[in-house]
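Q: The structure is given below, and queries will be raised subsequently.
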Amino acid sequence: MSITKEFDTITAISTPLGEGAIGIVRLSGTDAIAIANKVFKGKNLETVDSHTINYGHIVENNEIIDEVMVSVMRAPKTFTREDVVEVNTHGGVAVTNEILQLLIRSGARMAEPGEFTKRAFLNGRIDLTQAEAVMDLIRAKTDKAMTVAVSQLDGSLKNLINNTRQEILNTLAQVEVNIDYPEYDDVEEVTTNLVREKTQEFQALLENLLATAKRGKILREGLSTAIIGRPNVGKSSLLNNLLREEKAIVTDIEGTTRDVIEEYVNIKGVPLKLIDTAGIRDTDDVVEKIGVERSKKALEEADLVLLVLNSSEPLTDQDRTLLDISQNSNRIILLNKTDLPQAIQTEELPEDLIPISVLKNENIDKIEDRINQLFFDNAGLVEKDATYLSNARHISLIEKALESLEAVNQGLELGMPVDLLQVDMTRTWEILGEITGDAAPDELITQLFSQFCLGK
């Protein structure tokens, strides 16, 4: 997809294919209204007011294809800042595809993935962070993830980055003035102090922003959570309890879960990617052995480990092995089967364990509370009006910007002339511009929009 502005008219189906109450076919471009008008029988769309919905029929050769409502929105007050038409049809694969093909035959071009959002970016309606927020909003798995995406779409990150870039420019301009038109005998010292003060200010701001990355990444991608334990301690039953549906096979036969099962669940706004692992033990079964190896790998990569022990049986060597290999992880130890007489030796266990009964659904809510304590310091997940980093691209660029600012600091410590340090500060300004798209390479922008679905 070319990064250059294109002014032809594009079209695509904007609703999921399949049976449904309605389908929407969208057009955007200079000829959007004229093309829609060619196939619409009703009011003259070229003369109706902007932002109106018009009843009529889509026809070809006087044959009615569907009864529709057509929305007409004139530039620049549209998502793309171009003329936009949305044809609201009855849902279904055949009718939406037929109308799409008719619009293409009438002069529109099939849109590429993300091209509507790309045009909104190229026409200056949104920046790159807001474009990425559109995708985050589509993919949000919980209300908290949605809140963060909406905040970014509303411009919270864009405004913070743009304000910081402007402050950097102001600092660079003041340095230039001080160097070219010195008003004081100690102008070099004054300029050095200015650069030092501003550099520390920018560092503090970006470090605070970077500190939100852990929380933001969890909201965007989910908290990878491995459920581990020896066979038949209730791992799959716990998974089903958290999911509140039967997703894993639960039996009384040891070794039933022979692979790794992954599911997402919303725990108080946190999207947990639950990984139910095969019981980790020595086995001669080839299939089960593969599952055990995958379980060990899942344990290494997990953000959180839920270690399930059977409180109705004494600790086994397998239990002790699991306690040992998971001790450096963010771990919650769960004593399951508290509905049965206790036989486990609790003196060998850490004090912060949680007794539960998956069978009777007892103390499951305490797992949720402990997760909040472990990852969010009981402070709540999303603070009102806060800006969060959740995108790996943004995080990487903020880290690079901080490296450039640190280079300025090191130069100051070494007594380097301030005019030489302008290079690193200018580099910081450029890196931050890559976040918003002001200085992003064409190839990057093209690649980002190609990840969108058709019609968005």
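Note that Cβ sites are derived from N, Cα and C of the backbone, with glycine treated the same way.
Feature list, courtesy of Swiss-Prot:
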BINDING   R26, E86, R125, K456  (6S)-5-formyl-5,6,7,8-tetrahydrofolate binding site
DOMAIN    222-376  domain 'TrmE-type G'
BINDING   N232, T251, I253, T256  K(+) binding site
BINDING   232-237, 251-257, 276-279  GTP binding site
BINDING   S236, T257  Mg(2+) binding site
Q: Around the C-beta of E86 ((6S)-5-formyl-5,6,7,8-tetrahydrofolate binding site), how many further C-beta atoms are within 10 angstroms, looking at every protein chain?
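A: That number is 19.
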Q: Around the C-beta of K235 (GTP binding site), how many further C-beta atoms are within 10 angstroms, looking at every protein chain?
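A: Within a 10 Å radius of the Cβ of K235 (GTP binding site) lie 30 other Cβ atoms.
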Q: Through the lens of DSSP with three states only, how would you label K235 (GTP binding site)?
A: helix
Q: If I take the alpha carbons of N232 (K(+) binding site) and R26 ((6S)-5-formyl-5,6,7,8-tetrahydrofolate binding site), what is the distance between them in whole Å?
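A: Distance (Cα to Cα, whole Å): 53 Å.
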Q: Look up R26 ((6S)-5-formyl-5,6,7,8-tetrahydrofolate binding site) in the DSSP assignment and reduce it to helix, strand or coil.
A: strand
Q: Can you name the residues of this chain that are 6 or more positions from R125 ((6S)-5-formyl-5,6,7,8-tetrahydrofolate binding site) yet have a C-beta less than 8 Å from its C-beta?
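A: The list for R125 ((6S)-5-formyl-5,6,7,8-tetrahydrofolate binding site) reads F79, T80, R81, given in order along the sequence.
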Q: Same chain only, sequence gap of 6 or more: which residues have a CB within under 8 Å of the CB of R26 ((6S)-5-formyl-5,6,7,8-tetrahydrofolate binding site)?
A: T11, A12, I13, S14, V84, V85, E86, V87, F116, G455
Q: Would you mind ranking the binding-site residues N232, S236 by how many other Cβ atoms sit within 10 Å of each Cβ and giving me the lowest?
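A: Taking N232, S236 as the binding-site residues, the minimal 10 Å Cβ count falls on N232.
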Q: Return the average pLDDT for the domain 'TrmE-type G' (222-376) as a whole number.
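A: Mean model confidence (pLDDT) across the domain 'TrmE-type G' (222-376) is 74.
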